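Only one structure is covered here, and it is reproduced in the block below.
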Amino acid sequence: MKPPILAIVMSTVISGTIMVLISSHWLTIWIGFEMNMLAIIPILMKKFNPRAMEASTKYFLTQATASMLLMLGIIINLLLTGQWTVLNMPNPIASNMMTAALAMKLGLSPFHFWVPEVTQGVPMSSGMILLTWQKIAPLSILYQIAPSMNPNLLMAMAIMSVLVGGWGGLNQTQLRKILAYSSIAHMGWMVAVTTYNPTLMLLNLTIYITMTLGTFMLFMLNSSTTTLSLSHTWNKLPLIASLILMTMLSLGGLPPLSGFIPKWMIIHELTKNDMAIMATFMAMTALLNLYFYMRLAYATALTMFPSTNIMKMKWQFESTKNTTLLPPLIMISTMLLPLTPMVLTLF
């Protein structure tokens, strides 16, 4: 894709999301979602091949269905209240329809089937945008309509998403699919706390985005798409291998790393609201995610792939990829835990 066209398309994606974030009128929110959806499709088809075409079609069909459901919810709400404002949603049917539409846009279970397929079919950079930037707009609407949503429906979707995100990634060897299932599980954690403390959802989203961006950039630097290609990393870039180990453990939510903050806070919040069983269940399902992150970390940094001396020739080739954002992203996604009190005051 030529740079001017890419710039136009990216600016449309960004302005669509910003339009959703700043609007308080349902029609402009819906238009923002549509702009965003139509502009992301050329980005998904950047490297044009049948797989990218199929992935983009799947993405378009699910997002269009979600937009239709959202519009139906908006119209039902309009007929009952006579208002287009976001914060006035007394009707449970409209509220449930909008929740289902946003769940479909986010890829929450049971509407999750498109996420691994689309992420696997598109290039790494497009997958990165899909699993980070594309989550901001729907979550901002969830944040706004949180008080009028059905907590039982949200909890059911959260439990299913955490389970699917854990079980689905276990037998995967493709890195993009693993990150897609990881995204489904993280969305489950965010939605679980939405009804009790929506601000924690924003904290979780921020940390999730930094961790996922860091992970994708490390994989792109290495040009790895499978566990096998990742296992050659120690031979070419030993430092990158240890950084992948750190970010994987952080994504899994292990204590000394940043990924532990949102899990800790969400479990704390759920326990405060007499949801101790739910918190225990979610903590246990997080172990499933940790297992497949550990498997990646093990393949990358903890075993030495059998190699001949000829393979050492790769040392001579310098990587020409731009890594300006990588150091800050890795620092944020691993070393934020001591700053938890400050992070909590910010959120």
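Placed from the backbone N, Cα and C atoms, the Cβ positions cover glycine too.
Worth saying up front: this structure is predicted, and the values here are computed from it rather than measured.
Annotated transmembrane segment per TrEMBL: 5-22 (among others), in sequence order.
What TrEMBL records for 23-287 is domain 'NADH:quinone oxidoreductase/Mrp antiporter transmembrane'.
Long-range neighbours of the transmembrane segment (28-45) within the same chain, counting only residues 6 or more positions beyond its ends whose Cβ lies under 8 Å from a Cβ of the stretch, are 1, 5-6, 9-10, 12-13, 15-20, 52-53, 55-56, 59-60, 63-64, 67, 70-71, 74, 86, 105, 118, 122, 126, 129-130, 134, 137, 141. The annotation transmembrane segment is assigned in TrEMBL to 28-45 (among others).
What TrEMBL lists as transmembrane segment is 66-87 (among others).
Summarising the annotation, TrEMBL assigns transmembrane segment to 152-171 (among others).
Among the features that TrEMBL reports, transmembrane segment is placed at 202-221 (among others).
The transmembrane segment annotation in TrEMBL covers 233-255 (among others). A Cβ distance under 8 Å defines the sequence-distant neighbours of the transmembrane segment (233-255), meaning residues of its chain 6+ beyond its ends; these are 182, 211-212, 214-215, 218-219, 221-222, 224, 262-263, 286, 289-290, 293-294, 296-297, 300-302, 304-305, 307, 311-312, 314-315, 319, 330, 333-334, 337.
Distant neighbours of the transmembrane segment (275-305): 155, 158-159, 162-163, 165-167, 169-170, 172, 175, 178, 181-182, 185, 188-189, 192, 196, 227-228, 230-235, 241-242, 244-245, 248-249, 251-254, 263, 266-267; these residues of the same chain sit at least 6 beyond its ends, with a Cβ under 8 Å from one of its Cβ atoms. Feature annotation from TrEMBL assigns transmembrane segment to 275-305 (among others).
If you look up TrEMBL, you'll see 290-343 marked as domain 'NADH dehydrogenase subunit 2 C-terminal'.
Residues 203, 207, 210-211, 213-214, 217-218, 221, 243, 246-247, 250, 255-261, 264-265 of the same chain sit 6 or more residues outside the transmembrane segment (325-344) yet have a Cβ under 8 Å from a Cβ within it. Taken from TrEMBL, the feature transmembrane segment applies to 325-344 (among others).
Within the chain carrying the transmembrane segment (202-221), a Cβ under 8 angstroms from the stretch's Cβ atoms is held by residues 124-125, 127-128, 131-132, 135-136, 139, 143, 175, 179, 182-183, 186, 189-190, 193, 230, 237, 240, 243-244, 247-248, 250-251, 258-259, 261-262, 265-266, 319, 321, 323, 325-326, 329-330, 332-333, 336, 343-344, 347, all 6 or more beyond its ends.
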